[in-house]
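A short write-up of the structure that comes next.
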Amino acid sequence: MNYFSLTSHKKHRGHPSAGPSNAYQNLEKTSVLQETRTFNETPVNPRKCIHILTKILYLINQGEQLVAREATDCFFAMTKLFQSKDVVLRRMVYLGIKELSSIAEDVIIVTSSLTKDMTGKEDLYRAAAIRALCSITDNTMLQAVERYMKQCIVDKNAAVSCAALVSSLRLANTAGDVVKRWANEAQEALNSDNIMVQYHALGLLYHIRKSDRLAVSKLVNKLTRGSLKSPYAVCMLIRIACKLIEEEDIPSEELSDSPLFTFIESCLRHKSEMVIYEAAHAIVNLKNTNPRMLSPAFSILQLFCSSPKATLRFAAVRTLNKVAMTHPAAVTTCNLDLEGLITDSNRSVATLAITTLLKTGAESSVERLMKQISTFVAEISDEFKVVVVQAICALCTKYPRKHTVLMNFLSGMLREEGGLEYKTSIVDTIITIIEENADAKESGLSHLCEFIEDCEHVSLAVRILHLLGKEGPFAATPSKYIRFIYNRVILESPIVRAAAVTAMAQFGASCPALLSNILVLLGRCQMDPDDEVRDRATYYLSILNSERPELYKNYIIERENCSLALLEKSLVEHLNGDVDTRFDISIVPKAAIVKPVIANDVMLVTSSAPRPPKITREEESAARLAQLPGIQVLGPIHRSTAPIQLTESETEYTVQCIKHIFGQHVVFQFDCLNTLSDQILENVRVELTLPEGFTTRAVIPCPKLPYNDLQTTFVIVEFPPDAANSIATFGATLRFVVKDCDPNTGEPESEEGYDDEYMLEDLELTVADQIQKTRKNNFQVSWDAADSEEWLQAEDTFVLSAVTTLQDAVNTIVKILGLGAANLSENVPEGTHLHTLLCSGTFRGGAEILVRAKLALSEGVTLNLTVRSTDQDVAELITAAIG
């Protein structure tokens, strides 16, 4: 028993109520670093040095920061320990090197010692030495150890081979060109009998070849013949096969004949349960499948639901839970098995079973299921509470009449203890219910008002206040919400107080009966100690005191949100230019609607890292375009389109195009990829065949396009003066100079090349490309305000022969026009024969657009389209786009 175990034992004996102690919890960095002097003693005391190294590693892993000097001194002292032959001490030294390698300076001094251990006869050293060596190796010295790495990849010792393969995978991110040369060794390791070596070898091979789609296809086709013995490797191969199927976008009628799908389906009969589950999970998550393809996979999941192993039950019910909304009919066949899991001893399994039943069950079973889940919801973790909330959200959409039961359950969950993510999911669900179900608005707002009375999360309080300001004025009794909002001004932090001031102003602007009271409350807010709160109160008071409805609409009710990144860019340009002129905020593009990205569950790599803030495509493009010479003269960017492919995915050269729309210009961005390893392209540019009225202003070529390196060329084109002629089709040809090169080095064999060209798909410029969608909080107010001389109107009636349902008609109109739907009018209620679609947006140059589309379903779909815009040409263009 060591010293720390003995002292802990004595403490427990003398203090039976005391918990287990942590011998390292009171360490001080300075004293521990001073102890590293012990490393210089001769002979080395392994026991003492191991203890000191443990302290250092503990401090680092607890977040203690070492400055470069401290880390370097500690690192160099640690190198003295290589003279000891103690195995445990040597392994601790390797760990210390890995931890300090990113902080200390001149770490390459231990390269020779690590290389010696890596190539030595002591197998206990070799694997750890490889990992430590690769943590300090940079691109400049990697070639010096390349020979040793190749030898280790094919080493007979499985631990050594795995260490080399995993380290190679890490090095591939920084030295991909060098690691690519190790493909032959990785291929040899793939034939190993060891399951982990085979798994890591496949991972490295895929990483090396993943940018070459043809090479990946060959690898998969070779391995699907049954040469893999490792279940881990087979699982990875299933994921790679799924990725190829998704990229090829094989239609359902051809998918069953695909060799890749046949392989995945055959894995349902594998002897390993892990592989069977992976195959079933992959099939149910594939697109373009039909019930016949899904049936075997769901049968497997149904079988796993009754397994005695908790892991299999959990995996099966979790997968069923995820696909319950995409394949409800198939999941319903498992309902009896899921009912049996409601009382499962594993609370996680029980939670997933109930939430799956909530998604697929009948309306009559909602109360029973909610009662069952309420008995143990307090016992499960926040992660699974979020799953419950998501199921309730889906249920509210499916059965809107059950909103009272579900809303009461959610409000009860809001009052319980929980973290930010958990509470956010509940608030998101309540907001979704309020927006989609008018009958639930009053109760939903009341529950949220009660929540912010005792809400510790600032971000949630601000969101709820924003919602109250948007929805509260149009409730049956708006005045009852004022007390909750003003309480925030008295009791909360400055950020929340500022949000409360804005919410009160919206009540004053939308409810004339409450205006006098709101003015009094805003007047009190002018005495607030925080600048932001005072400024907002003064700003809104001046607008409300003006008694001008148009100011209410433009600056309080329908505030247009600018893209903050582009607003900042425009302000900087203004300050660097003529500051004597007034800044025109109308030239700044409106913030685009950012849709949440749905993760693909079949992806090869997932990450639990925090998600970065969502940015619009325009904000992302603005930084890149800013590097182009003279781009500033085009003004602010209006919008950027999604990329479109101009070539097939398996051709010699792949090209995709992004259209960046400005006020009077369009910048075509062509992203080019050369997939031929024996060629290097120079002076790469795209030549456009322009329709009448368009003018090319600049072509910015790509100087060099090496193998497998994505590069970009730009073409700047000016729009014709007449908006009606801005819808056009462009011919496109990729032109370049070809030079033959060495596939291994990428160096051209001669300085001379020859001109060549490659035909691309035609490129279309549509109405939707030129419109930035906006979303009006209160469309009717904006529509009524547009009934003035400043706005112009165009109207026409159409028969939409290509669609058979109102929902298809709505989807088609929104897609063609590129407008943002308001008041959830993009969703057509079931069983209706009449519907009105309300849309809004901004045309390039700043012209606002409002559209009201009245649809009627009889033998076909009849459309009455009314367009209001601040520009007559734009209104007529929108109308003509439908015809």
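Backbone N, Cα and C define each Cβ position, glycine as well.
Over in Swiss-Prot, the protein carries these features:
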{"type": "REGION", "residues": "1-25", "note": "region 'Disordered'"}
{"type": "REPEAT", "residues": "69-106", "note": "repeat 'HEAT 1'"}
{"type": "REPEAT", "residues": "292-329", "note": "repeat 'HEAT 2'"}
{"type": "REPEAT", "residues": "331-364", "note": "repeat 'HEAT 3'"}
{"type": "REPEAT", "residues": "365-401", "note": "repeat 'HEAT 4'"}
{"type": "REPEAT", "residues": "404-439", "note": "repeat 'HEAT 5'"}
{"type": "REPEAT", "residues": "476-513", "note": "repeat 'HEAT 6'"}
Stretch of maximal Cβ-Cβ contact with the repeat 'HEAT 4' (365-401) [cut-off: under 8 Å; candidates 69-106, 292-329, 476-513]: 292-329
Folded-back contacts onto the repeat 'HEAT 2' (292-329), same chain, C-beta under 8 angstroms, at least six residues removed: 252, 255-256, 261, 265, 268, 273, 276-277, 279-281, 283-285, 337-338, 340-341, 344, 346, 348-349, 352-353, 355-356, 359-360, 387, 391, 394, 601
Tertiary contacts of the repeat 'HEAT 5' (404-439) (same chain, 6+ residues out, Cβ under 8 Å): 366-367, 370, 374, 377-378, 382, 385-386, 388-390, 392-393, 395-397, 445, 447-448, 450-451, 457, 459-460, 463-464, 467, 471, 824, 827
Chain residues outside the repeat 'HEAT 6' (476-513) and at least six past its termini with a C-beta under 8 angstroms from it: 442, 445, 449, 452-453, 458, 461-462, 465-466, 468-470, 519, 521-522, 524-525, 528, 530, 532-533, 536-537, 540, 543-544, 552-553, 556-557
Composition by DSSP (helix, strand, coil) of residues within the repeat 'HEAT 3' (331-364): 25 helix, 0 strand, 9 coil
Stretch-averaged pLDDT - the repeat 'HEAT 2' (292-329): 90
Within the repeat 'HEAT 4' (365-401), residues counted as helix, strand or coil by DSSP: 32 helix, 0 strand, 5 coil
